[in-house]
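Worksheet: one structure, shown below.
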């Protein structure tokens with residue numbers, strides 16, 4: 001056990017409420033019953049908490065990342081929509097994703113030969129490995145998984161035409177992850193992809209974080225020929241969430257529901273909880289208010305740009321408390 005990790009104590013097991021702001025004006029709370037583990041790594045604060053609703057959940061710098069009960073709401077559309085669109089991914093890169101859930105879903109493809117997990121913080125992997133087996137499901141023991149500890153941007157920049165699929169499974173765009181949300185980094189991802197390769201990432205919420213969502217899409221569209229945003233409600237995130245798939249040629253809108261279901265069956269993916277041929281197109285079918293949002297001018301994000309006006313960092317919100325009446 002790391003000296004910076006503390007085990008549960010009687011005081012940490014008392015019922016509590018974790019409050020997470022989504023904007024300066026809105027947030028949500030989640031009841032927690034036990035602090036299972038906690039570390040202050042060199043780059044961030046990591047917690048594993050027990051919750052009645054979601055089971056074990058991971059928080060990083062005050063933001064919920066994943067949980068045992070609802071991880072599929074995030075991991076399945078993030079991985080399988082682009083993978084099925086590609087058709088036969090064999091080499092994949094995950095930037096971030098230290099909980100192992102994305103790697104597990106990629107490794108489910110029988111033709112997958114290699115998955116590289118580039119994670120900045122070894123403590124995230126260690127804590128997930130110990131406390132979240134229902135999320136990673138043994139992915140860290142798969143011989144096809146290759147761990148790279150360190151700067152994911154630097155690693156990606158040294159790759160060229162190596163990967164069929166890249167998944168940016170990142171924390172929110174503040175703190176150590178900020179440099180992974182720029183047009184410059186997306187250019188590095190494009191160079192790292194093979195022809196026909198696919199990229200996916202989450203792009204925040206169209207409801208409470210629409211300015212950053214619009215700018216992220218503008219950044220992607222300046223680099224890739226095909227960019228398709230899609231939507232999924234993630235219970236642990238407290239709101240409607242957005243993701244995007246980008247490629248030079250592969251287009252998720254080109255496949256029928258029948259073709260998608262056939263590819264899922266061919267890969268033995270018959271037990272998914274969310275993603276299917278039917279939900280594929282539902283995810284991509286944006287409501288009018290989102291289409292309007294994305295039709296408005298937005299500026300790409302470049303290295304050195306300040307995102308202070310978007311005000312995403314919950315650490316800047318001050319001490320929040322839940323007031324019960």
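Numbers run from 1 along the shown chain.
For all residues, glycine too, the Cβ spot is worked out from N, Cα and C.
Feature annotations, courtesy of Swiss-Prot:
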- 11-248: domain 'PABS' (DOMAIN)
- 44, 119, 151, 152, 176: S-methyl-5'-thioadenosine binding site (BINDING)
- 75, 99: spermidine binding site (BINDING)
- 169: active site, proton acceptor (ACT_SITE)
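Overlay of Swiss-Prot annotations on the structure.
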residue: 44; record: S-methyl-5'-thioadenosine binding site; Cβ neighbours (10 Å): 19
residue: 75; record: spermidine binding site; Cβ neighbours (10 Å): 26
residue: 99; record: spermidine binding site; Cβ neighbours (10 Å): 27
residue: 119; record: S-methyl-5'-thioadenosine binding site; Cβ neighbours (10 Å): 23
residue: 151; record: S-methyl-5'-thioadenosine binding site; Cβ neighbours (10 Å): 15
residue: 152; record: S-methyl-5'-thioadenosine binding site; Cβ neighbours (10 Å): 27
residue: 169; record: active site, proton acceptor; Cβ neighbours (10 Å): 26
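Across the domain 'PABS' (11-248), mean pLDDT in this model comes to 95. The two recorded residues residue 44 (S-methyl-5'-thioadenosine binding site) and residue 99 (spermidine binding site) have their Cα atoms spaced 15 Å from each other.
Under the three-state DSSP scheme, residue 44 (S-methyl-5'-thioadenosine binding site) falls in the coil class.
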